[in-house]
Ligand SMILES: Nc1nc2c(ncn2[C@@H]2O[C@H](COP(=O)(O)OP(=O)(O)OP(=O)(O)O)[C@@H](O)[C@H]2O)c(=O)[nH]1
Ligand SMILES: [Mg+2]
């Protein structure tokens, strides 16, 4: 009886399946009647392999499903704000506070960025000196005077307090500039644009630029050295020690260190900068006050250096955080996604696709009332931040997202107010209220609060923090509170608490 029943099923088909004579597929799969034992063994082997592959596909679908569910449950935070508002700096603070091991593992990549930042400031400084020299007639110098010098004396150039010694130092520093362009082209080739070479270093989101930098600047990747497989990585030129040191920012900076210090600490140079209205201290990625350290051959960036390094974000970067054990009271293993966007005007259209799936937005609004946008010098930065804030508050896609406002760059606000810069001059509506940090902060905070209240499609609480994102200690305390708040809100929405 059982033999008879078996013969009616295709091999491997469970009991209860349709009779093979009714099912064309089963019929097609039936072994030939004269199947040899070898053919049968081969067929069984193929069948087992097919079953294994099918099981693997099922498992991978299940895993994708699980990952999708996990991602759906994960907390997603979007960092928004204009260019240079401090979004990437806040992200780095987040990494330092909650995934410090990962943060520190990227130190080598940041070292090159910091060196490029420093060279960028020197380049700007040299441009100002050149402008000053060009602004006066180039006639034969006549009035000798003593100034900064390695030699015993120097000759003052006509019409300026700069001397021929400044000109010589400027010449000696010029290899830094050609090296910067070469380095940017080699290390970040897809982002190299000679038209923009005077601007910040720019990296494309999710391009793996940190890995590229780490590989390209590791000792065995320098020109003239070989990889384990014997292939050259960067340059095909013969690797003389001369070419090696000319391409290596650490070696070139070390060779130029004394000259950089001489220029930067020279009171005449400071006067020229002031005359040309250039405050390098306020520009992003400023490391000129740290030359002695950064230009040292054994320089290793500190955590704060990394947080202060400047790289312009281009596009939208996704950062996954799996909180590390023992970090700031975090629940180990919890998953967060933080999206860091490029903030300049041309990049804002890329923000919208991320709006419908985020629990919280951290909006960076620096209180830089006396600065204008780099991309449009007719627009005041603070005015632009308020415009953006209004857009975010009123956007229906964000109606359910928690908004957290960071009034950032409080240190710069304080310095500006201490220097006596009047808020009323730039923001007439401020009137004649006291020009101090307390009143100014309260005034702008209330402005942001009122717009949120007026424009939000549904009521939501106003969360606001005063931050200086380069102060890692203070910022980590704020971020712990923010993380708790977002988590609580998220759990409430999911009805877990
Ligand atoms: N003094 C001071 N500098 C800050 C502060 N926050 C950020 N910066 C600096 O401002 C510069 C710009 O910061 P980023 O975080 O790169 O700005 P971003 O918003 O990511 O800019 P984009 O990527 O161009 O959109 C960097 O050099 C930071 O070190 C702050 O609170 N105080
Ligand atoms: Mg950025």
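The backbone N, Cα and C atoms fix where each Cβ goes, glycine too.
What TrEMBL lists as region 'Disordered' is 1-55 (among others).
What TrEMBL records for 139-161 (among others) is region 'Disordered'.
If you look up TrEMBL, you'll see 141-156 marked as compositional bias 'Low complexity'.
The region 'Disordered' annotation in TrEMBL covers 213-249 (among others).
According to TrEMBL, the GTP binding site annotation covers 282, 283, 408, 409, 410, 411, 469. Sequence-distant neighbours of residue 469 (GTP binding site): residues of the same chain at least 6 apart with a C-beta under 8 Å from its C-beta are 86, 89, 90, 93, 307, 364, 406, 408, 409, 475. Residue 469 (GTP binding site) falls outside any helix or strand according to DSSP and counts as coil.
According to TrEMBL, the feature Mg(2+) binding site maps to 313. When secondary structure is read from DSSP and collapsed to three states, residue 313 (Mg(2+) binding site) falls in the strand class.
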Around the Cβ of residue 408 (GTP binding site), the count of other Cβ atoms that are within 10 Å: 30
Rounded to the nearest Å - Cα separation of residue 410 (GTP binding site) and residue 313 (Mg(2+) binding site): 22
Entries of 282, 313, 411 (binding-site residues) sitting next to ligand 1, with Cβ under 6 Å as the cut-off: 313, 411
Cα-to-Cα gap, residue 411 (GTP binding site) vs residue 313 (Mg(2+) binding site), nearest whole Å: 23
Rounded distance in angstrom between the Cα atoms of residue 313 (Mg(2+) binding site) and residue 283 (GTP binding site): 16
Neighbour-count leader, CB within 10 A, binding-site residues: 283, 313: 313
Binding-site residues close to ligand 2 - of 313, 408, 410, only those whose C-beta is under 6 Å away: 313
